[in-house]
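**Q** Copied straight from Swiss-Prot:
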type	residues	note
BINDING	62-65, 187-190, 210-213, 228, 275-276, 364-365	NADP(+) binding site
BINDING	151, 152, 153, 154, 155, 156, 157, 158, 295, 296, 297, 298, 299	substrate binding site
C-alpha cells in the first residue's frame, strides 16, 4: 500500500515537496536505549515553528546522557541539526520575515523530551522554533551548520548573561578595564563558542584544555590557556588573574573541574556556573555562588526532567534568547564567529549510534562529530 502524504496544520505555507507520512528516526526504546525506527510519524509543527528537512546532525554528550539518566520510551533523541526549510507556520512567518522556503538553516531542539516525544533532531524531518534558528550563509557547509546548531547558543545565553550576569555583549562590548572570565573546558564546542563570544563582548577570556588543543583554544580567543591536568592549574590561574577572577563557566562539571574552579577564586569569591549538577559537598564557600543551568530552558517551555534539571515554562527567557540568536546571526553573517572543527562519521542513522558510543567512551577531543542524513546535500 502506498504511503499517504503528510498534511500540515492549517495556515502553514505549502511545503516545497510532497511529504511522506512516515520517517526514519532514532528514539528511545522501553529501556531508554537509542534505537532506529523506520515508521515514525512526522512532527506536527506549532504555528511559531518551521518544518525542516534534516541534512546533517551533530552529536552532543547530552544525546547519550539524557536517555541514560532520564529514560523516556518513545522520545526521539538529538538536539542540533542543519537542513532546509520546507514549510513555515503562520506565526513563524510573522516573527521571522527573513525566512523563506528552501533556506539553509541550523538550530537546536529539545531531544529526549518526556512531554514532547516527537521532538528530536535524529530524524529526517524536524519541527523547530523559528526565532531560535540561524540562516546559513553560503560560505558555511551543512556540516558546519550542524556544529553551530542552536543548543550551544541557548546554553551560552543563559550561562553568560542570565547566570553569570555579564554586562558586555557582542552588540555592546565592554570598553574599559575588561575583567577575566574562566572557561573550564575550552576545547569543547561550547568552550570555543564561549571564548569567541566573551572576546567579542570585551572580556579577557582564559581557558583550560589539554595541551594538544592549545592552538584551537587560542584561536577561539583565549588570551591564556592552562593545562587542567597540571597540579598547579588552579594556583596558576589565580596568579595570572591577580585575584580578580569573579566569573567561572565550568563546561565539564566533574569532580576535578569543580575543585579546580573553586580554587581559582580569591577570598572575595565570585560566581560559578556549570552545565551539570555539581557535587554538593564541595560547595562550602559562602562567597562563591553556584548555579547549574539548563540550556534547553531557552525554548521557554517546561523542562520536565528531574534531579534539579527541571524548569518551569518561561516565555520571557525565550524572548531574550531569541534576541541573542539575532546577535549570533549577525556574527555568523559577518564571519566573526567560526564553527568548531568537525569530524564526519559515515553511516547515516547507524553512524549516529556509532557516534553515541564514541562520546560515551570519551573518544573525541577538540572536534564535533557530524553525521549526514541526506548525502545529496553535502
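Cβ atoms are placed via backbone N, Cα and C, with glycine included.
What you see is a predicted model, and the numbers here were worked out from it, not measured in a lab.
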**Q** In the structure shown, with every protein chain counted, which of the binding-site residues 65, 157 has the densest set of Cβ atoms within 10 angstroms of its Cβ?
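**A** Answer by Cβ density within 10 Å: 157.
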**Q** Express the distance between the Cα positions of residue 155 (substrate binding site) and residue 189 (NADP(+) binding site) as a whole number of Å.
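**A** Rounded to the nearest whole number, the Cα-Cα distance is 12 Å.
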**Q** I want the residues beyond 151, 152, 153, 154, 155, 156, 157, 158, 295, 296, 297, 298, 299 whose C-beta is within 8 angstroms of the mean position of the substrate site's C-beta atoms, in chain order.
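**A** In sequence order, the nearby non-listed residues are 108, 150, 321.
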**Q** Whole-number Å only: compute the distance from the Cα of residue 297 (substrate binding site) to the Cα of residue 211 (NADP(+) binding site).
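**A** Between the Cα atoms of residue 297 (substrate binding site) and residue 211 (NADP(+) binding site), the distance comes to 33 Å.
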**Q** Taking the Cβ of residue 153 (substrate binding site) as the reference point, list residues of the same chain whose Cβ is under 8 angstroms away and which are at least six residues distant in sequence.
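**A** Looking at Cβ-Cβ distances below 8 Å from residue 153 (substrate binding site), excluding near sequence neighbours, one finds 108, 193, 324, 325, 328.
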**Q** Let me know how many other Cβ atoms fall within 10 Å of the Cβ of residue 297 (substrate binding site).
**A** 24
**Q** Across the listed substrate-binding residues, 151, 152, 153, 154, 155, 156, 157, 158, 295, 296, 297, 298, 299, what is the farthest Cα to Cα distance, given in whole Å?
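**A** Between the outermost Cα atoms of 151, 152, 153, 154, 155, 156, 157, 158, 295, 296, 297, 298, 299, the distance is 13 Å.
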**Q** What same-chain residues, at least 6 away in sequence, bring their CB to under 8 Å of the CB of residue 299 (substrate binding site)?
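**A** Looking at Cβ-Cβ distances below 8 Å from residue 299 (substrate binding site), excluding near sequence neighbours, one finds 109, 110, 129, 132, 154, 318, 321.
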**Q** Pick out which of the binding-site residues 211, 295 has the most other Cβ atoms within 10 Å of its own Cβ.
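**A** When each Cβ's neighbours within 10 Å are tallied, 295 leads.
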**Q** Tell me, if you would, which residue among 151, 155, 189, 364 (binding-site residues) has the fewest other CB atoms within 10 Å in the structure shown?
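**A** Each of the binding-site residues 151, 155, 189, 364 was scored; lowest Cβ tally within 10 Å is 364.
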